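Peer 1: Just dropping this structure here.
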Amino acid sequence: MLTIYNTLSKTKEVFKPLDGNKVRMYVCGMTVYDYCHLGHGRSMVAFDLVTRWLRKSGYELTYVRNITDIDDKIINRANENGETFDALTARMIDAMHEDERRLNILKPDQEPRATDHIAGMHAMIQTLIDKGYAYAPGNGDVYYRVGKFVGYGKLSRKKIEDLRIGARIEVDEAKQDPLDFVLWKGVKPGEPYWDSPWGPGRPGWHIECSVMSTCCLGESFDIHGGGSDLEFPHHENEIAQSEAATGKQYANAWMHCGMIRINGEKMSKSLNNFFTIRDVLDVYHPEVVRYLLVASHYRSAINYSEDSLRDAKGALERFYHALRGLPRVAAKGGEEFVERFSVAMNDDFGTPEACAVLFDLVREINRLRDSDPDAAAGLAGRLRELGDVLGVLQLEADDFLRAGAEGKVDAAEVEALIQARLQARADKNWAESDRIRDQLTAMGVVLEDSKGATTWRLAD
């Protein structure tokens, strides 16, 4: 029985889809004005994990993750670069997809772009105006009337009175209330725009997600996800817009993943502690980065450091050493490990406990490796099966363990030396065999001999 922590209720709830076995999930995606940073990677991996487990559990999932391809940041960056906004976003979308491929992220079923849904935004804004939840002051903008929506603040637990007292809000004489937020922005010189009933302009950020989600999944759906930094105001405003427009509950459950922290501080450009996914993947194996992101509970903050990456690498090496030398066969045996893994994942996608189960499974594989190799091979298949839920352990063991050799040692040279050493051993030329081993050790290569075969990896 799957339970999910619902940010809306602030409790774990038994997950009950709205429509039988069908699950509809919407996740706020990237604003594509720059290369994706590791915080984006956290969200990608977190909801990829949710996707994998829901499907593994037999649910028929429709996963939608949007792309914000028009925004102040996009316009500013395009102007800085001297290119059109759509040329910038096309380039960044391609880069994002490449980052996802390297991190083994499954493609969403739908990936709507804001600029493809302008007509739908016009329609929802007009509905809000007709119902009295929005107003056009005549300057080309349209604003949402926050004070009219009775449930405002129910996600973030913020009260309108406190927001008015505590918020630092720039005075905008066009607004009826300082808390009102923009649904449609009137055109400014040099900016891209679309025609609308209120004059040329472009959509506000919040209305984009309300329209794309309901267009793709319907007026009510099962799960809405995103980073914890989006809970307020973005997700709060989505609820206000969508429920005012439709009169129905917007999303049944809200899931928010934690932030990436560096030395205790949130990763951000302003603190100059910002790492793009591609920068990190230039240094670390993609599976190491993915394991770092998936091994912590999705709601927890992750501290990014050299030590944490080394720990992730060490964990994967233990897994792959257990798989090494065993044939790829169908998963067999280890039902108790499957049960424990399922219990962990059904408890709000509890990956720390699930990873602990994998370590126990590794110990059992190693225990049986010599005494019952067939049983060990079946359990190795089970390890890969469970690892696939986390998006790891699908590589050949030798390929992972040798990763990083390029630029450090010549793999062809290593293989030639190993063959020369095997010949020396066959000739019982032990001195030459030892000399070659010493040469390889000096190169940072560790040899492992077993049953007439020799494999190698780089030393830690």
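Backbone N, Cα and C define each Cβ position, glycine as well.
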Peer 1: Looking at Swiss-Prot, which one out of C209, C257 binds Zn(2+) in the same site as C28, H234, E238?
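Peer 2: Only hit among C209, C257 in Swiss-Prot's Zn(2+) site, alongside C28, H234, E238: C209.
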Peer 1: Looking at the ranges 30-40, 140-150, 393-403, 437-447, which is given as motif ''HIGH' region' in Swiss-Prot?
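Peer 2: My reading of Swiss-Prot: the motif ''HIGH' region' range is 30-40.
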Peer 1: For the annotation motif ''KMSKS' region' in Swiss-Prot, which listed range does it cover: 156-160, 176-180, 266-270?
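Peer 2: Range annotated as motif ''KMSKS' region' by Swiss-Prot: 266-270.
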Peer 1: Quick check: with C28, C209, H234, E238 left out, which same-chain residues have Cβ atoms within 8 Å of the centroid of the Zn(2+) site Cβ atoms?
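Peer 2: Apart from C28, C209, H234, E238, the close residues are W205, H206, E208, S210, S213, H224, G226, L230, H235, N237.
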Peer 1: How does the model score the motif ''HIGH' region' (30-40) in terms of mean pLDDT?
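Peer 2: Averaging the confidence scores along the motif ''HIGH' region' (30-40) gives 95.
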Peer 1: So how many other Cβ atoms are close to C28 (Zn(2+) binding site), meaning within 10 Å of its Cβ?
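Peer 2: Around the Cβ of C28 (Zn(2+) binding site), 23 other Cβ atoms lie within 10 Å.
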Peer 1: Hey, what's the Cβ neighbour count for H234 (Zn(2+) binding site) at 10 Å?
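Peer 2: I count 16 other Cβ atoms within 10 Å of it.
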